[in-house]
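Written below as structure tokens is the structure these notes are about.
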Amino acid sequence: PQVDSANAGRVLASDAAVFLKKSGLTDLVLGKIWDLADTDGKGILNKQEFFVALRLVACAQNGLDVSLSSLNLPVPPPRFTDTSSPLLLSGTASSDVPWAVKLEDKAKYDAIFDSLNPVNGLLSGDKVKPVLLNSKLPVDILGRVWELSDIDRDGMLDRDEFAVAMFLVYCALEKEPVPMSLPAALVPPSKRKPISVPGAMPLIPSSASTKESHQSLPPVGILAAKTPLTQ
């Protein structure tokens, strides 16, 4: 009902696009989802096709292939953040989403992690870099993998963050697009705080980031604004 404003039992491309955007997936992935769902290419989805689109969004958010063959796989329902309403942010829900990194994969990633001689349970960027480069993926993709996996932004990866990095690398090797922001399902349970939800960021800035921005931004802005007046 949220999307079918005219209640006509079908969804126009423009309405669907706005709604699907809230899934946090890249335009490329959403385009692929739309092409698969809009079977007759009319730019309109009927109810059945719209459900297919939602199902594919859920697949993409959980690191599965965006293809019709994924439709039969069990996936949790798709997640949408409605940035206009602070209540709908998936801050509470994200803690219930099962972690996308499977147990058997986690064991593999942990073994690699331990082989790199972590210090106090952390690996520095220098130690992770050779492993990432070893994947032969393009440097810009690896940069994004690092950005996404260093969840607490301390320049180091702990065991769970390293698992996220490895998971993303393997996705990329399978030709899966690396997301622009970390889907809730990929945030390790140990790192899940309401703040780490994409979409919740602007509403609840952490104290550190507000301090920094206060120091760097306002003085410059005030000076720039006042100088012409005083002259």
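The backbone N, Cα and C atoms fix where each Cβ goes, glycine too.
Feature annotation from TrEMBL assigns domain 'EH' to 1-81, 105-193. Taken from TrEMBL, the feature domain 'EF-hand' applies to 25-60, 137-172.
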Counts of helix, strand and coil residues, the domain 'EF-hand' (25-60), according to DSSP: 25 helix, 3 strand, 8 coil
Counts of helix, strand and coil residues, the domain 'EF-hand' (137-172), according to DSSP: 25 helix, 3 strand, 8 coil
Average model confidence [pLDDT] within the domain 'EF-hand' (25-60): 84
